[in-house]
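If you look up TrEMBL, you'll see 55-457 marked as domain 'Kinesin motor'. Marked as region 'Disordered' by TrEMBL: 70-96. Taken from TrEMBL, the feature compositional bias 'Basic and acidic residues' covers 70-83. The feature ATP binding site is assigned by TrEMBL to GLY183, GLN184, THR185, GLY186, SER187, GLY188, LYS189, THR190.
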Amino acid sequence: MASSAALTTTHLPTLRALLDEWSAKQPPANPFASPTQDMANRLSDEKAGELHGKDIIVAFRTRPPLPNEAEEKFHASESKESAPVEGQGTEGGEEKGEVVAEAVTKVEFCSGVTATSAEPGTFVAHVPGFKWSGPTLTHKSYEADLAFGSTTDNDEVYQRTVIANDMVPLALSSGIACILAYGQTGSGKTYTMEALEHCIARDIFVAARHVGARLLHTEEQAKAASEHADPSEELKPEGVFEFSVTFLELLGKRAVDLLEPAEGLPVDAQGNATRKEVPIHEDKNGDVRPRLISRVVDSAEQLDELITTALAHRRTSVTLRNATSSRSHAVLTIRVVNKLMPFAEPGQLLLVDLAGSERYEDSKAHDKQRMLESRENNNSLMSLKECVRAKAKMATEEGFVHIPWRSNKLTMLLKPIFDIESRQPSKTLIIAHVSPHIQDTVHSVNTLSYAAPFKTSPPRPRGPAPYDAADPRTWDHAQTAAWLTQAFTKRQRARVANAHKLRAERAAKDGTKVAPPPDTGAPLALVVDVGRLCPPGMTARHFGQLYTTEFVQRTLACAHLSGSGSNREFTPSVVKNMAAEVGGALTYLILTAKTRKRRAIMQSRKVMDLDAYGTTPYTTVPGTSVRMPEAGSPEHSLFSRWTNEQFLAAAQRRGPHWFEELNAAVIKAREEKRSTDRAELDTLFRMMEEEYPASGDAPAA
Ligand SMILES: Nc1ncnc2c1ncn2[C@@H]1O[C@H](COP(=O)(O)OP(=O)(O)OP(=O)(O)O)[C@@H](O)[C@H]1O
């Protein structure tokens, strides 16, 4: 018999006729919303980098068919076994058929996906089926923000994703821009990512010069108004930012440094250098910073060369789909430090070329080690899916969302975008790649249904929330201006008092006279013009959306730096520090208010979840296989000891054992003709007891 793929081949002419019939009925594809020329100036645009748009952007991409590709593939997948059952793919199943390489010599191309709309993006996957009456074709539609068909080139992809979403200015403004390339092996991830990396290398220094010049201009204006000079004096626009690069490869669970020179390293059977493992763990501050070689680069050429060298170090191996398949996740990080604002968190560009997701039949050519890696890669892609899905949920829903980023090394590396406590704004772009062939449609459907749910709609507008002094998100303009006035007054008085103390100490030493201490009750002429900083209409919510660097720059532009009299303490760097403190205090207030609200929702949800199981005896805790007993049952009170979050954390800590233990208990109970539900509950209870012993509910080590 033939495999389903081979059957698709046999029926290719019929399938193509069905596809033509469908295509003839379709309206012309929706084009992109704007021409790429509109994006040309975004890198130097003053508004670029201000927070706007969505946190998560999803794009689909398919490539053109490659010469001889289909032919080679069917040499390997043609088999002698009997025909498959209707609608049943071969994914994950056993392939027992003997491979008959000579059976098929030439396969013509039939498209498996069609981009029916570029923006918003829609891909339609054409899924072949087989009935007694002949082959069938069903059309499944998937939505993203953008869809790139096989004729779109890399430059257009770059313009419409990285440039249109201001990802470079975001990194220059202390934010985090992350790009993830996902898809089946051989679908074009590396092709896209390498191009994006080189385009970014080309443009980031141009953008840095523009932004640097703008920042220096504000600094210079401030300095002109002050008699005190700053160390920033010698900086040139191109020197405002410092860029450093790390490049890590994650192969299964093993991470290595791609910037480690290859010379002298032992080489494996596939010709790949064996690099030393780099541990990935959370340090005591909660940061995940693998010890990698970090290279400072100061020109586009240097950055480009570094990327090229590191990419050449990436491991590849031959798969049925791709002669140089990357077996690993590759994470390129470009860190950006703003020398004018050393207190601000460095911006980051995280460019991740994910390992190809593989189906069983595609991994048949691998050895045991490679099969294990493939399984591990698929596990990490699943964890990534959970995290991105949770993040997408967080972007649109108010309330508690758990992001399980600790569950896997890959997601740990992406902590900056998944940590809900992070103060850095971030944007994540996911480009899901699919093969153009109808024989790959099963896999394309997997890829598209993996990525499509990440697409978010803009948050629903809500009415104003009632005023809460502890939650800046509820303040109106007057309340915001009052808070800013009070915050700057407090810091200005402290600064003046401190300066007086220092003068008094110096005078005491020199035996000279000192002016009387400042009157802390007297009205104060604020150095920062709050009226200008917070014009009518602006509220704390707006300030909460500014990057620290931007808040500091705005404050500096609204400061009276007379350089003499009562303002003589207030040099540009003093004002910058004050602004950073005030901006930080506001962010902290917003963050704590959010956390408080999340906890309150979490508490109410726990009660709700445990009480809401009236109709069915059990319900499932999201993200786990935990089925909770219904309210009123004796077990209910036993299980209410733990929160949903604890169930999730316990499930993640135990990893696959969690499911294995539950399954084993169910199988044993079934064999012994006992209640499987009871057995599952007992196992669940035992595991939770082990994870959170009754004494103090502390997680087990
Ligand atoms: N848009 C495209 N236009 C032309 N050729 C492409 C395009 N995308 C990919 N290719 C070609 O397809 C082949 C496979 O692409 P690539 O190596 O990028 O796949 P991949 O998804 O990274 O695979 P793997 O996961 O196995 O590493 C390469 O020869 C590449 O040059």
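Placement of Cβ uses the backbone N, Cα and C atoms for every residue, glycine included.
Taking the features listed in TrEMBL, we show where each one sits on the structure.
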residue	record	Cβ neighbours (10 Å)
GLY183	ATP binding site	28
GLN184	ATP binding site	24
THR185	ATP binding site	24
GLY186	ATP binding site	26
SER187	ATP binding site	27
GLY188	ATP binding site	24
LYS189	ATP binding site	27
THR190	ATP binding site	22
In which DSSP state, out of helix, strand and coil, do we find SER187 (ATP binding site)?
coil
